[in-house]
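Pulled from TrEMBL:
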{"type": "DOMAIN", "residues": "A:68-259", "note": "domain 'ABC transmembrane type-1'"}
{"type": "TRANSMEM", "residues": "A:12-33", "note": "transmembrane segment"}
{"type": "TRANSMEM", "residues": "A:72-94", "note": "transmembrane segment"}
{"type": "TRANSMEM", "residues": "A:106-125", "note": "transmembrane segment"}
{"type": "TRANSMEM", "residues": "A:137-159", "note": "transmembrane segment"}
{"type": "TRANSMEM", "residues": "A:180-205", "note": "transmembrane segment"}
{"type": "TRANSMEM", "residues": "A:240-259", "note": "transmembrane segment"}
Amino acid sequence: MEHPLKKFSLYAFIIAGALFILFPLYLTVVTAFKTPSESAESLLGLPSSIQFTNFIQAAEMSNYFSAFYNSFFITVLSVIIIILLGSIASFSIARNQHKRFYRVMYYFFVSGLFVPFQVMMLPLVQQLSALGMLNKWGLIMLYATYGLFQCVFLYVAYFRSIPREIEDAALIDGCGVFRMFWYIIFPMLKPMTVTLIVLNIIWIWNDFLMPLVILSSADDWTLPLMQYVFESQYAANYNLAFASYLMVLTPVIIVYLFLQRHIIGGVSDGAVK
Amino acid sequence: MKKSFYLLASSAVLLALAACGNNEESASGSNAENEERTTVEFFQVKAEAVDTFNVLIEQFEEENPDIEIDQNTVPDGMTVLTTRFSTGDIPDLFITYPVEEDYVLRVNNDYLMDITDEGFIDDINPEIQDRYIENGRMYGAALSLNANGVLYNKEIFESNNIETPETWDEFTAIFEELEAAGETPLIMGNQNVDQTSIFNLNFIAQKFDADFWERFNEGEIDITEDEEWREASEKMLEILQYAQSDHMGTNYDQGNEMFAGGEGAMYFMGAWVLPTLREMNPDFNENFGYFPFPQTNNPEENVTISGVDVGLSIAEDTEHPEETLKFVEFLIEEAQQFANMDGSFSAVEGVEVQDEVLEGLSPHVENNQVANWPNHYWAGGTAAEADFRSHTQNFFNHEDIDQYLADLESMFSSYR
Amino acid sequence: MNNNAYKSLSKGYMMFLLPGLLLLSIFYIYPVLSAVYMSMTNWDGVSRTHDFVGFSNYLTAATDGRFLNALSFTLQYAFVSTVLSNIIALSVALALVKKIKFRNTFRAIYFFPAVLSMLIIGYIWQQIFYNVIPYIGERINVEALQTNMLGNQDLAFWALVIVTVWQASAILVVIYMAGLQTVPEDVYESAAIDGASGWKQFFKITLPLIVPSITICFILAMKQHLMVYDYIVALTGGGPGFATESVTLLIYNLGFLNNRFGYGTAVALMLFVFIIIVSIIQISYLRKKEVQL
């Protein structure tokens, strides 16, 4: 049944596609390690030696480590808040669907999924300025809020698969609502929690527009914003430029190499549900 | 017991959230306590001038240990400054260009401090400083001037036996000659929309003066029927054909790299580019020079665009008026030092240019054979300028003069 | 459960809801309401006062050539990118569900672009369009490839589409694979007995069965592409001219450059309405397909 020709064209198609995906990344890596004269000689060839001068120079010029720290801090804190507040809010919404108030609350939370950030962008800048929050704290609050939309949507759906009997039993045993949630319910949410953590990390780590309009001080810049700011400084020296692109992408690449299965699962689950 | 547990938990979350807001306040509060210094925020939009200002700030802080100048430079600086005004979070000191609509709007909304009577105003060249007059008062001080001309590669000119031109005909002949000799006569970075107007405003500035723009803003002139606009557009196209083959796909940085690397004979650019080009080519000073843009066949009529490059305004509501004024006064006093480091012309009287490349433009600037940036007179300010550039970039692609003038007319009339 | 326990339980539920509700009220509902109000004013972002102008900003938009140009670009770009990325992703997914060697490795490679920053991807491709493609064009002597696509009025659109499809297909591949794996083997077997194979089998059997995945993928992709911003900033800045100015970039420019906060917000609200309409059309169209077959 399997024609060799059919099989060959199948592999040719998949491999060609994979090469197309990998080509920009290959180019990024080899260019980042080359000197301008090496690139002039051969744009696509391998570097003659592995050296890190481009990286060191790019890191110094762009204040890379400070931006990395900001990205890390903002992402971690935002994700923690999203998961904490989202899980408890979803719990109370999911378990009170017989009450009108909570049904309204569900639509209220989920409605945000459809509102583009641009709608709120201009008033938000005003509002955060009035609150003195045009900084990373304001940005974290925004991520925490906008992360809740999807978080509640996915958690509430997931709660349908968790039987209520366990909770009732725990409550009758005299376990408080908070303890019951934390020790019994929250662990049962683990698959969805992993999905949500993955989705939110990817979103926040890579986000560009929100930091652009919210962060007013260079001390707070995240990696994408830092790249945007310094693009004009090294765009002409493309070896340096590629070194800095690679440095921004590296944390994600490393995490992806190790957690690739969880990430693919998480993202596709999150998108499908 | 159970009740208090979750109450505690929820409030812990809320507290954590509240703490986020507090954290920063307490941090900045303790800073002020420890150091007892007044911090003046200097919102500085010129990325090229950051180092120069840092040197001057250091000197100033040494003389005035109780004042700290916080130079703040961000991307899209002018855009961010607009936002800062809209949110009422106005920096103590910032860069402002005179005449421009943004300046006028800010003056008329009482955002800027009246500095007409300050002593240092008298040290500034009145020809320039008077551009700041609005409702009879001045709300800004000019420190330096930019200048826009033609950078050329001396080696290429010499090897082809070419002299710098003084008239339009000589100018176009040079392009012809260089092209015939197999050189790239002109480098342009037109993928970057800003670059299109750095080139073509040379014609606009030469043809139209402030009176024209006043009538124009009143709607008395229709660009589509204006012969001068048509002639200027024709000249743009005439020059454009000599640019390198992919000038529409080359951006500012790439253009800089090509020109500094010796790939083309000429480059239309403002003096602000000099520090960047020097960094790219250590021999820049020996091998490159400037000459004024020859728009017409009468050298007397040709002008160099020169506008305020660094002009300073103080916020009306600043909490530190004295300290800020002191710093502005210091900058005006140190104008020579600033000009040397920045490589720009000075708006302050008695300051001399010491930049060997820039000297090529000195005759025009010193004889006042200059024109302000035309866009500073436009209704619509920065926004009209941005639209103008985009329409120009379109024009360089389609090369249809009627279309271009029609687009500009409808664009300008939307701001009237 | 006694009455007391029940009371404390319902209080507990309320407590759980409150922190999230508080955040949403401050950072979501309040700005949305102020946006609606702001869109009916002529505020320029600088003046200390502004006037209420009713719906005139919306009427202005309906005849504003710049907005209509941005809207038309955005719709074309979103449509083309959505269709292309879905076709490509579905083809890849069909290949990847077959029993092939290194399937997991290929899957990991194809998904990889999904986790990368759109801005950085834009910058990398910008360098490719400027340096690499002309370099290859010279080697193989094809004139069309020798200039930067991004500087060309017509090609800039396609350059953006290429970058978008490169990255956006990644997540769609995974969703389609999940969808295809739910199609039971015996359906194919009975189809083979009936003599259906190849394309016929695909259109008659596979496609109808994965309509739910198609719905998700189209809506997901369409919404994302209608809100394109990062690529535009990294690749073209909206140029050449206004050729690639998206609605989102226009909103940013109107607000932060043109000082037209009121009008910019009105345009943003119109984009919102567009996204809703397009999503509803897609859902109802695809749902019909699902019922028919």
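Even glycines carry a Cβ here, placed using N, Cα and C.
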Task: Candidate ranges A:12-33, A:72-94, A:106-125, A:180-205 - greatest C-beta contact count to the transmembrane segment (A:240-259) (under 8 angstroms) - done: A:12-33
Task: the transmembrane segment (A:137-159) versus listed stretches A:12-33, A:72-94, A:106-125, A:180-205: most Cβ pairs under 8 Å - done: A:72-94
- [ ] Report, as numbers and ranges, which residues of the same chain sit near the transmembrane segment (A:180-205): CB under 8 Å and 6 or more residues beyond its ends.
- [x] 71, 74-75, 78-79, 82-83, 86-88, 91, 143, 147, 150-151, 154-155, 158, 162, 166-167, 170-171, 223, 251-252, 259, 262-263, 265-267, 269-270
- [ ] Take the transmembrane segment (A:12-33) and find every residue of the same chain, 6 or more past its ends, with a Cβ under 8 Å from one of its Cβ atoms.
- [x] 39, 43-47, 50-51, 54-55, 238-239, 242-243, 245-246, 249
